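Encoded as structure tokens, the structure appears first; notes follow it.
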Amino acid sequence: TSVGALFFSYARVWIPDPEEVWKSAELLKDYKPGDKVLQLRLEEGKDLEYSLDPKTKELPPLRNPDILVGENDLTALSYLHEPAVLHNLKVRFIDSKLIYTYCGIVLVAINPYEQLPIYGEDIINAYSGQNMGDMDPHIFAVAEEAYKQMARDERNQSIIVSGESGAGKTVSAKYAMRYFATVSGSASEANVEEKVLASNPIMESIGNAKTTRNDNSSRFGKYIEIGFDKRYRIIGANMRTYLLEKSRVVFQAEEERNYHIFYQLCASAALPEFKTLRLGNANYFHYTKQGGSPVIDGVDDAKEMVNTRQACTLLGISDSYQMGIFRILAGILHLGNVEFASRDSDSCTVPPKHEPLTIFCDLMGVEYEEMAHWLCHRKLATATETYIKPISKLHAINARDALAKHIYANLFNWIVDHVNKALHAAVKQHSFIGVLDIYGFETFEINSFEQFCINYANEKLQQQFNMHVFKLEQEEYMKEQIPWTLIDFYDNQPCINLIEAKMGVLDLLDEECKMPKGSDDSWAQKLYNTHLNKCALFEKPRMSNKAFIIKHFADKVEYQCEGFLEKNKDTVYEEQIRVLKSSKFKLLPELFQDEEKVLSPTSAAPSGRVPLTRMPVKPAKARPGQASKEHKKTVGHQFRNSLHLLMETLNATTPHYVRCIKPNDFKFPFTFDEKRAVQQLRACGVLETIRISAAGFPSRWTYQEFFSRYRVLMKQRDVLGDRKQTCKNVLEKLIQDKDKYQFGKTKIFFRAGQVAYLEKIRADKLRAACIRIQKTIRGWLMRKKYMRMRKAAITIQRHVRGYQARCYAKFLRRTRAAITIQKFQRMYVVRKRYRCMRDATIALQALLRGYMVRNKYQMMLREHKSVVIQKHVRGWLARRRYGRTLRAIVYLQCCYRRMMAKRELKKLKIEARSVERYKKLHIGLENKIMQLQRKIDEQNKEYKSLLEKMTALEVTYTTETEKLRGDVERLRLSEEEARSATSRVLSLQEEIAKLRTELHHTQAEKKSIEERADKYKHETEQLVSELKEQNSLLKTEKEELNRRIHDQSMERKLVEETKQLELDLNDERLRYQNLLNEFSRLEERYDDLKDEMNLMVVSAPRIPKPGHKRTDSTHSSNESEYTFSSEITEAEDLPLRMEEPSEKKAALDMSLFLKLQKRVSELEQEKQSLEGFLVFTLVCAELEYESLKRQELESENKKLKNELNELQKALTETRAPEVTAPGAPAYRVLLDQLTSVSEELEVRKEEVLILRSQLVSQKEAIQPKVNHTRQVGELHCVINLQSPQDYHMLNEDGELWLAYEGLKQANRLLESQLQSQRKSHENELESLRGEIQSLKEENNRQQQLLAQNLQLPPEARIEASLQHEITRLTNENLDLMEQLEKQDKTVRKLKKQLKVFAKKIGELEVGQMENISPGQIIDEPIRPVNIPRKEKDFQGMLEYKKEDEQKLVKNLILELKPRGVAVNLIPGLPAYILFMCVRHADYLNDDQKVRSLLTSTINGIKKVLKKRGDDFETVSFWLSNTCRFLHCLKQYSGEEGFMKHNTPRQNEHCLTNFDLAEYRQVLSDLAIQIYQQLVRVLENILQPMIVSGMLEHETIQGVSGVKPTGLRKRTSSIADEGTYTLDSIIRQLNSFHSVMCQHGMDPELIKQVVKQMFYIIGAVTLNNLLLRKDMCSWSKGMQIRYNVSQLEEWLRDKNLMNSGAKETLEPLIQAAQLLQVKKKTDEDAEAICSMCNALTTAQIVKVLNLYTPVNEFEERVLVSFIRTIQVRLRDRKDSPQLLMDAKHIFPVTFPFNPSSLALETIQIPASLGLGFISRV
């Protein structure tokens, strides 16, 4: 177990690296003590020799096993050191996208620079009530822990949020406050939690600014105390601020901004109300343009301004005050633009009529001249005189900036004070939770006074943090009874003393500030003289005399002394303040009212970095004795005091730490810079926590966890019954050095590295076991393979040897045959060769002889031919010679003749040249000339005549030409038309030709069709006759065929519509049930308020000390009662119940309270009036005026009878012959109705006599109780006012008035029935007309179909006709069935009315028989129903007296014990009894009794549920009985839809007088409320079991390996009270199911309850799985699937598989499968996407990110694989919500379930105490 033993070959270590801080490497060979070099191989494959430090010989830190990487708690790591912490955070942040990690008691939060969906209401509900170690790290877990400890320990809590600027401190604090506001709710109606959250936008606008590191950096520290009352509900809040950075108002560095509020003002400058502020663009003002970055990407300053103003309004800052604030802020901006002109080096002036200063003075309400003067001058006071001195331009600019800072700081304080006033608690604060959002440790290139104060505050906080961690460690050791050895940890008290102690840095600074000529340099010298070389934490830089170095807990920081004194003094000239105090603007002086007082801890101090070029401002010397003389406390002193106060507050609370880490400086999402992260981890104390933990025993295991994890290292004999002793025995064997572990009371404590050593041993053991298993399996597989191969080889050899033997035998046979064949072959060849040679010889001889003969013949033939050739050649030569000679002779002749011709030609030429020749030639020519002259003369004459003719022709030609041109044009046009017409004619001719051919074809076809038609007609007639014969068969198959045809055409559409309607119905039902739930909650709220008011009236309120029992903010119990009374009618009540507005909680409560109060007063008045009317009615019964009423009644009856006769006559006269014929159904129905109504009129006459006798008896019974004289006198007065009739005409009975009213209502009812009959008659006429029209349409359609069929081929025609005939018959059958149903309905209705009338006539006859007897007993009431009945013939009714109603409700509802009733009596007995009582009241026609009974029943059920609403049996019992009561009201309502399952006897028991449909709706709503309450009860019972039973408990032992847990697991707020298992859940489900079955709950309702239970189980399990990294492993997936299979088995056992419960577990099943499937390749990704269709994309990615190997043999999911999944699922449209809504309640339905139980057979047991009711 020595350290060196862990440095074996292939062990992984961390080595320092300048770029990545730490790099991972692997040992190539074992380390041996004394080695100076380690042989390493880096992850990229490069080999390296790592030299050890020769002095310390310290080995590099070891790397944790892979299964520990990515743990929720850093303290769970076996090796606790810097590289392990850094790597764990990086893996969680980059790979798993988890930004929260525990480090012991600290929550480390890394800013993702991206919006994450992990802060919704569902996440808050998931963390509410959970132990901190059970869930993944989250800011909500820290907030829940603080809230829980505040309630449990009754101790105030603090959440300390720290970190660098941009690390996310403000956001973390905001989410913590949101959590408190959500889970606690407010104690008052003022919505304090909204105000607490509304303070954030205000404080952010005035205290936050954009820096280079953060777009929304808090430039002040704040501590918000959220106050709670005794019930731990928010009642108020208080805010303290620290160290506002005032210098930012006047200066901003590059790329930074001023406070947001200034830019919001500039962005809203165009608003009408801001016109007077004369604002402009942010680049116009000096105070807002210095950073050069006036806009933040993604932020709309104008919209933010609207949010700020809304928040101010919510916090009670009026519009006038808001405009005052904006006025001051605008004045500051304009003040920054004031410029100064130098007159000389020591004086300056403001330019005349300077616009910025003019605007500033106008806004501030001060004098321009006075302000301009004091901006450039100051007042100096000496001992003897006071004088005014001008100041230089630089001093004036500094004074202007100091004034602006001072105004802004005072305004900031004023706003904080007003916010605190708005958040102030109206009632006494019982406890609080403080949220500290404060700056973290800072170090820059130039560090000044601001960084000094910030680091001083962090030193104090770090000291408190170290002490708290140390104290917790000590408590843990003592609790486990382990010897405590003092652990050395860094104590930063010396550094704090250096800063704040006497003669410390702050003390010397204050002292220097008091010096008249104090300066930064002199203060620096004092520091050197006091602390240099005397304090180890104080150093002086080598190259500077104006700086000093302090060694803080995080790092060394060098501070520049320049500016310290000025910032500490924070000087502002008094004269400028005095000018502002004299302002006419009332808000401005308010800011300076407290100047004379000692500054409170909320006062701001200057911060921010001032440019080094700026000169310090000299303070003005005050007059001696003046109260305001420079006696203000310095900023350092104020800050020290406020810091002490803060530390006192924190020390008095239980702190919770959140350390915010900034992963990179560029705000890149999910980018991790190791260097920056390490700097912050060192600075925020996380590594110090690790060091303190590592110094002792950091790894801690419970004995059970150790046993489960390392059971593989134990032998069977080592396992004892005592787990503790077993672990001790095993550890002593495994680890020899006993100092490496300690045995505590419940845990084993290990030194650092020991868990890794145990993990190595465990991995080696498992590896050895795997190797052994592999060896055995491989040997078995190889042996099996060898035996299979040997057997195969033998078989092959056998077959091969047989084959070879057969081949050899075949070879021998072939050899012998070959020899024989060769013998004969050789003989044949020799013989053949001989014959061939002989034949060849003979042939050669013949050929040779023939050749010689032929040669001889050829020689003779050649000689003969030669002679012939010679003869012909010689002749040819002779002829050739003769021809040559002849040609030569002819040539000579030609030459001679040519010479002679030339000579003759020469002679002729000489003769031609002589005169005589020409003369001879000209003699003939003269004659010819004369002839030609004559011809010319003749031609001239002809020419003249032709010329004349031509002129005439020209004239005519021109006219003709014009004419012809017009004709040509016309012809051209006509030609074009002709061409087009020709083309059309051609096309028409073609069409005509086609049409002719088609006509011929059609005519031919027509002939064939006519022939076919005749044939088809004959076939159709034959077919129809056959169809008629098969009609009986078709009738039986008709319904089935119709269903199939209809399904084929409408199935898909109907399915889609049905699904959509079901969804719409479920949504509407869910909305209605939610509204009902809200109504019941408001009703309960009203009752609670009423009870509180009563308590407040009776006595002072007594609030018991509450325990920490908390439900979610959305949870409300259904404990209220309906305020039905006998005076409220249904019409009044239902709108009140249905129209409850769903507004906010507080508004609803108040408005509901006022409405109900008003309603109660109205009901009281109505009750009084009704009581008066009742008295009036009773007195009227005693007076004698019934004769007049009787006359009126008779006249009314006669009138009604006449109307009936007229109506009957009119109907008879005007009826349609085809409809109202004497035999028509409608006529018979109407006639029967008229007859029955006439009979009813006759019966009513007889009722008058009966009513009269009853009223007489009632009068005689009431008469002795009434004072005649007084009441008669009063009544006479009333009657005289109402009617001037002569009352002595009345008879002596005086009670006919009541009978008259009742009979008049009956007559009206009959009249309405007649009107309805008339309407039905008219409707029938319309329907008959519609039928005629439809028949006409059908006829036309049939003709069209016939025409279409005639064009079809015979086969298709037959099929179409068959189809048509089937359709027609089906439609006819449906119409007939519909008519039959209508007739049946009419018959049933008439029978029902006939029975009712017959029953009433029988009762009236009985009543008349009783009235015959002259003497009647006064006290005996008349009960007509009971007289004719025999005792044994019961009607299924129960009778009770009106005064026994409360006793009935009390015994049957309020005091009934469900357990006894469910076990011993029939299910639903109370419901049956109540319904039988309602039946009797209906039978008596007593509407008051019915209403009173139903109202009392509903109120009684609500009361008992309010009293015992947490008892499942009670709620289940009354849900069952309410549903049974509702079913009884439906079953016996008389409505046809509910009567079809009744027996004839049950139909006789239907209600006769009242329609209770509205009360059915009320009961249905009540059942919904009870169901929702039942769901909440079972949810409260199941909730503690689900996570433990479904996730944590190992149902299959040994599958899950327990991983090491961190500190959080042992700091759980509440220890587990027993461990729930899956068997616990199943036992509870069995209990629920058996109770519901015993109570007789409807099976469909049981299915819905079971579905809801399984949904809760699945949703809670999946939500916890998604929020617990330790549960996302392969083995846990197997565990979940096994648990789900057990639940499915339970469903099968209970026959509930069709309840839909299994489907609700589908997301959980798919999540478990996702944990188990392979997650590597693209095929795996495709399989996952298709498999996980019930999970959302966010859930799939979350599970893959959380997947954690429990053993080294498992592999992590690669980031690339998760990205592949995301790419594949990006088109899926599902909810972005991560968690399932565990509070969702499915809409419930109550399907009608009639009872077969006969009411007359029900017996009432005596145990119910209902002896006062009797069966009827």
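Every residue gets a Cβ built from N, Cα and C, even glycine.
Bear in mind that TrEMBL entries carry predicted annotations, made automatically and left uncurated.
In TrEMBL this protein carries:
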BINDING   G163, E164, S165, G166, A167, G168, K169, T170  ATP binding site
COILED    915-1092  coiled coil
COILED    1178-1217  coiled coil
COILED    1300-1400  coiled coil
COMPBIAS  1114-1128  compositional bias 'Polar residues'
DOMAIN    8-60  domain 'Myosin N-terminal SH3-like'
DOMAIN    69-763  domain 'Myosin motor'
DOMAIN    1495-1771  domain 'Dilute'
REGION    602-634  region 'Disordered'
REGION    643-665  region 'Actin-binding'
REGION    1102-1134  region 'Disordered'
Cβ density check for G163 (ATP binding site), other Cβ within 10 Å (all protein chains) comes to 27
Residue counts (helix, strand, coil, in that order) that DSSP gives for the region 'Actin-binding' (643-665): 9 helix, 8 strand, 6 coil
Which of S165, A167, K169, all binding-site residues, has a Cβ with the fewest other Cβ atoms inside 10 Å: S165
Among all the protein chains here, how many other CB atoms are within 10 A of the CB of G168 (ATP binding site)? 25
Let me know the model's mean pLDDT on the coiled coil (1300-1400). 72
Which residues does G166 (ATP binding site) neighbour through Cβ under 8 Å, counting only same-chain ones at least six apart? N111, T211, R213, N214, S217, K662, K667
Tally of helix, strand and coil residues over the domain 'Myosin N-terminal SH3-like' (8-60) according to DSSP? 0 helix, 24 strand, 29 coil
Other residues near the ATP site, CB within 8 A of the CB centroid of G163, E164, S165, G166, A167, G168, K169, T170? N111, N214, S217, S218, G440, C660, K662
Ordered by sequence, the long-range same-chain Cβ contacts of E164 (ATP binding site) under 8 Å (at least 6 apart) are R213, G440, F441, E442, C660, K662, Q680, A683
If you draw a 10 Å sphere on the Cβ of T170 (ATP binding site), how many other Cβ atoms land inside? 24
